[in-house]
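Novice: Before we start, here is the structure in question, set down as structure tokens.
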Amino acid sequence: MAVIALKCPAIEVAVVDVSRPRIDAWNSDRLPVLEPGLDAVVRACRGRNLSFSADVDRHVADADIVFVSVNTPTKARGLGAGRAADLAYWETAARVVAAASRPGKNKIVVEKSAVPVRTAEAMERILLAHSGGGGGATFQVLSNPEFFSEGTAMRDLLCPDRVLIGGRDTGAGRSAVRALRDVYKHWVPEDRIVTTSLCSAELSKLAANALLAQRVSSVNAISALCEATGADVSDVARAVGRDDRFGDGFLDAGVGFGGSSFLKDVLRLAYACECNGLPEAADYWRQVVAVNEYQKSRFVRRVVSSMFNTVAGKKVVVLGFAFKKGVGDTRESPAVEVCRGLLGDRAHVSVYDPAVSEKQIRRDAAAKAKAGQQQVRVARDAYEATEGAHGLCVLTDWDEFRTLDYRRIFDGMQRPAFVFDGRGVVDVGKLREIGFVVYSVGKPLDPWLKGLPAVA
């Protein structure tokens, strides 16, 4: 919405939420979301044609286009628990839109949330039921999923690979698609605006994230074989990525993917296959998730086995708690699961992340392990975190971790000093020259580790 306000100064954009504290945060000098470039855009547009308000009904009633951008978490209980989308917030939003809309007014309702296929049809039913089919408001529902990534969202929105709009193949549906396309045409070349049916647009979002997650799990599965044979996963990825049929994106081996989208969208795709009588296809997509879980547990087992088969009572440092650099988001972060595994083996874990708050780190750690708060320490910087440590794990690819004074860190650690690089961040050769025992996912093993079991 901030980018639309920036690029379309003649359009009034109102962002509404039922949570007044959240709205207050968006109206403050400290935005509630860490996203490079967003702060400058909000400051430029807020008070001009971008506003944040808790008066939901008034702004929905006045709007010509309503973007529904609510959270759609995975169901925690009931039918489809752990796989299906929980659409409670989405349904509430649909009912709010229907109730707040004025009789006789035409309104376009746009799905922005990642939702299961055919969710737009359900929204149409809710809106139609409220309009009564008489003199009530009339609605056209569109699907306009986002494809930006956290950390690069502003760049992705300003220069998108494509904008996808799904709508009905009716006169009113095509008119609604044209209206939304005209908004994006202010800054997106027309050949990058793709129009499809509603179902195709909804499925494209799930499919895109599932295919990207599949690439991550594929290269991570190969990384295990690289370690076993002495190959280097970076060399393999570079060779494969030069093939035009593949491309080089999402071929960086690591400790696993995280974030709010990949896991839930792969599981939703698997669940959709399952519900449509396609068990083999469902099993295929579930295996992408299984490999991701395997990679995280494999990393923990390597840490424990390398440190003489136990980390009990030892100080192990976790550098990076966010799921990737540039964000403060810890949702499904591999670092959280690695901490859980280390705490389960009674390690004393010290965490440092430049963007994640101490409160968030403690909350996540406590949710994942008994007595987690007593066993986790949160440091102010990497040097404080590593003082007296037996080993350190690099779990987020922050640029800061590439330029640390590792000689200083080595001098302050116990011997032997272990580094476990889960993100391909460190210069393995340089750290080994300093004296570290270094394990980097998918890289040839340190001589110290050769002959040792790969798992505890």
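Don't overthink the numbers, they just go from 1 along the chain as shown.
Glycine too: its Cβ is placed from the backbone N, Cα and C atoms.
Pulled from TrEMBL, these are the listed features:
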BINDING   Asp17, Arg22, Val70, Asn71, Thr72, Pro73, Thr74, Glu150, Arg331  NAD(+) binding site
DOMAIN    317-428  domain 'UDP-glucose/GDP-mannose dehydrogenase C-terminal'
Novice: Based on the record's binding annotation for NAD(+) (Asp17, Arg22, Val70, Asn71, Thr72, Pro73, Thr74, Glu150, Arg331), what whole-number value in Å is the widest Cα to Cα distance?
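Specialist: Pairwise Cα check on Asp17, Arg22, Val70, Asn71, Thr72, Pro73, Thr74, Glu150, Arg331 gives a maximum of 22 Å.
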Novice: Relative to the Cβ of Asp17 (NAD(+) binding site), which residues of the same chain, six or more apart in sequence, are found under 8 Å away?
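Specialist: Listed in sequence order, they are Ile23, Phe52, Ala54, Val56.
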Novice: Looking only at the domain 'UDP-glucose/GDP-mannose dehydrogenase C-terminal' (317-428), how are its residues distributed among DSSP helix, strand and coil?
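Specialist: Helix (H, G, I), strand (E, B), coil: 42 helix, 19 strand, 51 coil.
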Novice: What is the one among the binding-site residues Thr72, Thr74 whose Cβ has the most other Cβ atoms less than or equal to 10 Å away?
Specialist: Thr72
Novice: Counting across all protein chains shown, how many other Cβ atoms sit within 10 Å of the Cβ of Val70 (NAD(+) binding site)?
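Specialist: There are 18 such Cβ atoms around Val70 (NAD(+) binding site).
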Novice: What mean pLDDT does the predicted model reach across the domain 'UDP-glucose/GDP-mannose dehydrogenase C-terminal' (317-428)?
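Specialist: A mean pLDDT of 92 is what the predicted model shows over the domain 'UDP-glucose/GDP-mannose dehydrogenase C-terminal' (317-428).
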Novice: How many neighbouring Cβ atoms, not counting its own, are there within 10 Å of the Cβ of Arg331 (NAD(+) binding site)?
Specialist: 17
